[in-house]
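According to TrEMBL, the protein has these features:
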- 1-39: region 'Disordered' (REGION)
- 1-12: compositional bias 'Polar residues' (COMPBIAS)
- 22-34: compositional bias 'Basic and acidic residues' (COMPBIAS)
- 286-320: repeat 'WD' (REPEAT)
- 330-371: repeat 'WD' (REPEAT)
- 416-448: repeat 'WD' (REPEAT)
- 516-547: repeat 'WD' (REPEAT)
- 548-581: repeat 'WD' (REPEAT)
Amino acid sequence: MSAAISSLVSYGSDSDPENDSESNKSTEKEDQTHPDATAHLQPLESGHTMSLALLNAAPEVPVKEAVMTGSYLDPSLKEVAFNPTFETMFSPEFGPTNPFNNQQMAAARNMLSGYAEPAHLNDFMFEQQRRTFSTFGYALDPSVDSNQISSSSFIGAVDEAEKNKGLTVFDSGHKKPDKRKKIKGGDAEEIDNFLGPWAKYVDEKSVAKPTEEEKKELDEITAKRQKRGKIQDEAPGEEKTILHIKDMYDYQGRSYLHIPQDVGVSLRSSDAPDKCYLPKKQLHVWSGHTKGVSGIRLFPKSGHLLLSCSMDCKIKLWEVYKERRCIRTFIGHSKAVRDICFNNTGSQFLSAAYDRYLKLWDSETGKCISHFTNRKVPYCVKFNPDEDKQNLFVAGMSDKKIVQWDVRTGEVVQEYDRHLGAVNTITFVDENRRFVSTSDDKSLRVWEWDIPVDFKYIAEPSMHSMPAVTLSPNSKWLACQSMDNQILIFGAQNRFRLNKKKIFKGHMVAGYACQVDFSPDMSYVVSGDADGKLNIWDWKTTKLYHRIKAHDKVCISALWHPHETSKVITCGWDGQIKLWD
């Protein structure tokens with residue numbers, strides 16, 4: 001409340017003039033010292049009396065917000081009719097501003113114009129109301145309390161909101177109209193019978209139909225595709241064996257696996273000829289396969305037996321010395337056999353075929369011990385040469401993987417999956433701690449045993465695929481048959497560098513995996529070619545020394561006997577295996 005106090009002071013005209021002069025003098029002095037203090041007490045010029053100004057003893061004191069914005073900001077209000085400044089919004093409700101306030105103590109600004117509070121509306125609610133408005137024409141007013149929804153709580157088509165009782169598109173089960181019902185015919189179930197917009201212009205008589213011969217051919221193609229799809233369900237072929245000699249055991253009870261001592265040559269693993277010579281004439285022909293021979297392997301250490309696999313789905317075991325008979329035939333694959341491999345003792349061997357099966361055989365009895373498959377075609381197979389790992393073997397598959405199996409459990413124990421193409425060869429190096437693989441991706445990779453990441457990758461733009469690789473007798477070199485009609489030599493120790501001084505040329509092998517081999521004394525390199533010829537190079541000079549017409553078709557493999565000075569065994573796609581001396 002404000003209170004006004006009024007007072008009127010009159011001075012008499014009969015007063016003492018001396019006293020008046022003294023008082024006037026004192027007043028003048030006071031006026032000179034404090035002119036503002038007595039300004040309201042100055043007499044009026046018109047008379048001897050004056051009226052004092054009205055004073056407000058309790059004036060209205062404006063608050064800070066009213067001074068700054070021109071209006072009072074009530075903190076209890078939920079809506080503000082003007083745009084207050086940032087400082088106004090965060091000024092104290094009562095009392096003066098804190099003089100010691102600094103920027104750190106003030107409210108944080110989260111945008112250029114100040115501070116914006118987060119809106120408590122999630123994305124789903126917003127999208128729900130947006131779709132409801134676009135579909136029905138109404139939406140819920142966001143400023144209305146959700147607990148007090150009425151007909152006035154909606155904006156837009158309020159009548160429609162009352163009709164639908166405020167349901168949203170999610171609550172009402174509203175769906176977009178099925179466009180298929182617009183098809184001529186009216187019913188969406190007839191969509192399967194809809195022939196397209198041009199159906200009415202097509203004459204059934206003019207439509208091309210396959211003839212009976214074409215229909216028959218199409219049925220055959222369809223049947224083949226269906227059969228190919230069911231190949232995974234096929235069971236492995238029935239295994240059986242045929243013994244071609246009269247007695248499996250000699251008078252001492254020894255089988256044909258026993259190393260003979262009366263052949264005139266020492267067949268111990270440590271004995272190799274000091275000097276090798278060029279073979280010049282044909283000594284013997286083993287014939288028994290009805291189709292091309294795809295690979296040959298000598299019995300480990302001694303080499304007195306020869307194992308061959310063929311495209312006629314059979315595997316045969318032959319004598320190398322004496323009568324050179326066919327000892328046993330192993331039958332069990334339904335398609336061509338691609339690769340074979342003995343274990344260290346020769347008592348068992350593995351076979352890999354295009355029927356997607358790998359089979360483990362007993363060399364002596366001919367019994368199939370077990371079979372393995374991962375539904376892919378195996379291109380090569382190798383036992384681990386370590387004596388304590390004879391239960392493990394690896395196979396290069398058509399699906400770019402190298403798969404490692406355990407013979408005892410029949411399960412896959414490791415997969416080496418880094419190649420970009422079908423794996424063609426696997427060769428163990430560095431005392432069997434590592435192995436080298438080549439692939440259709442034109443690369444050479446080196447792996448640590450049981451570690452599925454290659455630690456060495458060799459690939460250059462000039463390189464070609466190398467489908468046949470052989471380790472030298474001294475374990476220092478890898479001879480790789482390259483598809484550009486060359487034999488490349490890589491170091492088999494440490495860095496696996498290409499030896500550019502050792503490149504063997506002069507034969508044609510493009511498109512064929514012709515196996516390469518060394519003479520036991522490292523004097524010569526031998527290889528077949530696509531013309532059926534046996535090629536022999538000098539290791540030191542890389543000069544092509546000798547060429548023999550060995551087979552009528554592709555000479556796919558050539559092996560130099562490890563204990564003979566000049567005996568080479570070749571096989572070809574003409575179905576024959578030949579011994580040269």
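Just so you know, glycine gets a Cβ as well, placed from its N, Cα and C.
Keep in mind that what you see is a predicted model, and the values were worked out from it rather than measured.
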Per-state residue totals over the repeat 'WD' (286-320) - DSSP helix, strand, coil: 0 helix, 20 strand, 15 coil
For the repeat 'WD' (330-371), sequence-distant contacts whose Cβ falls under 8 Å of one of its Cβ atoms, 6 or more beyond its ends: 231, 234, 236-243, 248, 255-257, 291, 294-295, 297, 299-301, 305, 307-317, 377-383, 385, 387, 390, 393, 395, 405, 407, 410
Spatial neighbours of the repeat 'WD' (416-448) far in sequence, C-beta under 8 Å, 6+ residues away: 379-382, 384-386, 389, 394-404, 454-459, 463-471, 475, 478, 480, 490, 492-493, 496, 513
Average model confidence [pLDDT] within the repeat 'WD' (416-448): 94
